[in-house]
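The transmembrane segment annotation in TrEMBL covers B:21-39, B:46-64, B:70-89, B:109-126, B:154-175. The annotation region 'Disordered' is assigned in TrEMBL to B:178-250. Per TrEMBL, compositional bias 'Low complexity' is recorded for B:209-243.
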Amino acid sequence: MHLAYPAVLAVLLFCVGLYGVLARRNAILVLMSVELMLNAVNLNLVAFDVWLRDALHSGQALTLFTIAIAAAEIGIGLAIVLAVYRNRGTSAVDDLRDTAELPDDGGDGDDDGDSEGAAAEEPDEADEPGVSAPAKASQKAEATA
Amino acid sequence: MNLHVAADAPQGFLSPTGVEIAFVLVGLVTLGAAIITVTTRQLVHAALWLVVALGGLAVEYLLLTAEFIAWVQVLIYVGSVVVLLLFGLMLTRAPIGRSPDADSGNRPAALAVALAAAAALVWVVVDAFRTQWIKLDKPQGTTDVTGSVLFRHWVLPFEALSVLLLAALVGAIVLSRKSKDEPGGNGRQNRNGRPTPKAPRAQSDPKAQSAQTSQSGQTSQSGQTSQSGQTSQSGQTSQSDQADQTERTR
């Protein structure tokens with residue numbers, strides 16, 4: 001088999017995954033595109049392992065490790081996406097702009113509907129742009145408790 | 001290394017073997033499924049087309065004589081990762097039908113970047129490996145070979161990987177636990193291993209109120225019932241209700 005076939009297929013799959021990571025809006029679709037990119041790398045590893053006839057089979061062993069790491073990554077990633085969805089009510093990566101540096105105002109305009117209780121009682125801490133979601137949740141809990 | 005050069009290679013560009021034809025056909029199916037995965041507007045369909053793409057990659061591994069990798073691919077990706085993704089879609093209440101906002105606003109930029117990367121990488125890869133062939137006469141990735149190599153030469157990374165999987169498991173559990181202060185999550189506070197500091201205070205409020213109502217009776221009978229009802233909250237409230245009823249009858 002010509003070596004260009006698996007190599008070109010891996011390149012095209014990687015670029016399809018790259019497009020998906022950049023263009024998708026839902027975080028779970030972004031994770032799917034990351035899986036496509038990892039699989040393209042796996043195909044490259046297997047093809048070059050079979051081509052070089054490595055005595056240690058480094059490519060195939062590394063492919064197994066990559067598959068296991070991808071499984072761990074998808075578990076952690078989905079847990080993070082679910083935590084973000086529970087705190088924010090959305091899983092769109094475009095809406096998570098808390099750490100963006102807005103030129104006009106320092107506050108985060110996207111998060112006002114979520115942190116109404118904290119903003120009503122502790123307005124100075126709720127207006128910080130760099131506060132992450134768990135920190136805000138704990139602040140809101142302390143404010144309501 | 002048994003490398004070939006183009007001169008003595010038995011294959012050629014215009015005389016593809018059967019394995020090459022099968023590889024290209026399955027590769028076209030895989031690539032098409034991957035493109036549908038990243039472009040469809042129905043989120044569940046994206047996960048199902050991802051199954052087709054990953055299964056096609058498993059067939060490619062079989063054609064490259066790496067059968068153990070192929071079965072691991074089927075087992076882990078098609079079996080568990082796609083199921084996890086579907087669970088994630090369901091848990092985040094993804095819309096079943098067409099969702100108009102599946103793509104973000106930077107879609108043209110993403111398309112430009114992906115096409116530029118594809119053009120550059122395909123050019124480089126084809127130019128680099130134009131004269132190289134893979135000899136598929138002997139299977140390279142049987143379970144026997146892979147197992148012996150994995151547990152003889154790669155056993156230390158394998159064990160480190162098991163530790164990483166354990167850490168990922170613990171991390172996923174910690175991340176996906178219900179927050180203790182979440183509104184509406186009161187029914188699940190008892191399932192957590194740790195008792196939350198807020199829960200006893202919330203449960204002590206009706207106790208205090210019922211104790212006040214029983215103390216407002218000012219009779220010896222209601223005081224005894226309120227002291228005897230300290231074991232369970234529901235028993236205390238029912239006995240304090242009885243004390244109130246006896247007070248009202250008097």
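In case you wondered, yes, glycine gets a Cβ from its N, Cα and C as well.
Away from its own ends, the transmembrane segment (B:109-126) comes close to no residue of its chain (no Cβ-Cβ distance under 8 Å at least six residues beyond either end). Note on the transmembrane segment (B:46-64): residues 19, 22-23, 26-27, 29-30, 33-34, 36-38, 40, 70-71, 73-74, 77-78, 81-82, 85-86, 89, 134, 136, 140-141 of its chain, located 6 or more positions outside it, place their CB under 8 angstroms from a CB of the stretch.
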